[in-house]
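> Structure incoming, see below.
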Amino acid sequence: MGLRAAHTGFVVLVLLQSCAAYKLICYYTSWSQYREGDGSCFPDAIDPFLCTHVIYSFANISNNEIDTWEWNDVTLYDTLNTLKNRNPNLKTLLSVGGWNFGSQRFSKIASKTQSRRTFIKSVPPFLRTHGFDGLDLAWLYPGWRDKRHLTTLVKEMKAEFVREAQAGTEQLLLSAAVPAGKIAIDRGYDIAQISRHLDFISLLTYDFHGAWRQTVGHHSPLFRGQEDASSDRFSNADYAVSYMLRLGAPANKLVMGIPTFGRSYTLASSKTDVGAPISGPGIPGQFTKEKGILAYYEICDFLHGATTHRFRDQQVPYATKGNQWVAYDDQESVKNKARYLKNRQLAGAMVWALDLDDFRGTFCGQNLTFPLTSAIKDVLARV
């Protein structure tokens, strides 16, 4: 009896360890609060047991010091970090930068010793004051000249976190978001060097295709399509992951991005297959109100009366209705991606973003909140 109980306990321990082995990094965007009606999302909508890490996007930098961006950021910080009262194992990070921040602003700060030092010194007290467990650097698309400055910034930030933790507090986490395009990686990131100082890297394995290409195509294919032109051979998650590993990113620090949004296009003709011409981005969603992009919960609405298809080679779906063509991820495709990253022995998955998933559970007809993120979690939790 004692042996059986001990064995059962061991099995339970192994299961818990295997579940904890994979990270599920989930971004929340502060501007989602401004969406109308059921599209409005606040941090208290987040299930505290869904993700291992939640990253709040974005913080600003003012006078070379980390700062809030939204008028009510401090309130939302508190709401988010209160989730840890229900799940003490949840880690929260604050992401600084983002697409709208501008690479030049980062460059200006990182390239000068004094401004870089001022920024770095401002981070730990800010994170501690507001209850965060770490910082996520979202310096997107640095240039050739920025590469060594980014490396120095990461190295010195990590050193500051180590120094600050000597007072007896748990060391702050440091992560970075890195675009998945080969050209962007080559131009701005010394992957081997920054990997040494980061706790994990979120690889943005989406936005491989958009309306700027003048034709339809999927923004987040897992694999290269059979009909892809040679110029598109790098534009898939499999290539990006393999390339990052080849450059020296340790698999146990690499997190693969999975989008909960779709890319939409307005067709220019009756053609709907790969390479069909477009006249521009798709019409804005009811809640996100941005041309060419739809939240998953808006896609669920779009699918009523639409014709759905699946790229078998790329392992991702798309749908057509009238002159609208929408590439997206569904539960099947995100599960395939989660299985893939497990096979590659990566650190886990990243989701952009919780507020673009069906966070209310009312749009997609399953009576399930966060259906895409939950599907990823289910696969990661399996032994």
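Every residue, even glycine, has its Cβ placed from backbone N, Cα and C.
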> Do you know which of 129-143, 204-218, 264-278, 324-338 Swiss-Prot annotates as region 'Important for AKT1 activation and IL8 production'?
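So the range that Swiss-Prot calls region 'Important for AKT1 activation and IL8 production' is 324-338.
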> In Swiss-Prot, Cys26 is paired in a disulfide bond with which of Cys51, Cys300, Cys364?
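Going by Swiss-Prot, Cys26 is disulfide-bonded to Cys51.
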> Of the candidates Cys41, Cys364, which does Swiss-Prot name as forming a disulfide with Cys300?
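Cross-referencing Swiss-Prot, the cysteine bonded to Cys300 turns out to be Cys364.
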> In the three-state scheme derived from DSSP, which category covers Asn367 (N-linked glycosylation site)?
coil
> Write out how many residues of the region 'Important for AKT1 activation and IL8 production' (324-338) are helix, how many strand and how many coil, based on DSSP.
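Looking at the region 'Important for AKT1 activation and IL8 production' (324-338) with DSSP, the answer is 8 helix, 4 strand, 3 coil.
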> For the chitin site as recorded (Glu70, Trp71, Gly97, Gly98, Trp99, Asn100, Tyr141, Leu204, Thr205, Tyr206, Asp207, Arg263, Trp352), determine the largest distance between any two Cα atoms, in Å, rounded to the nearest integer.
31
> Calculate the per-residue pLDDT averaged over the domain 'GH18' (22-383) and state the result as an integer.
97
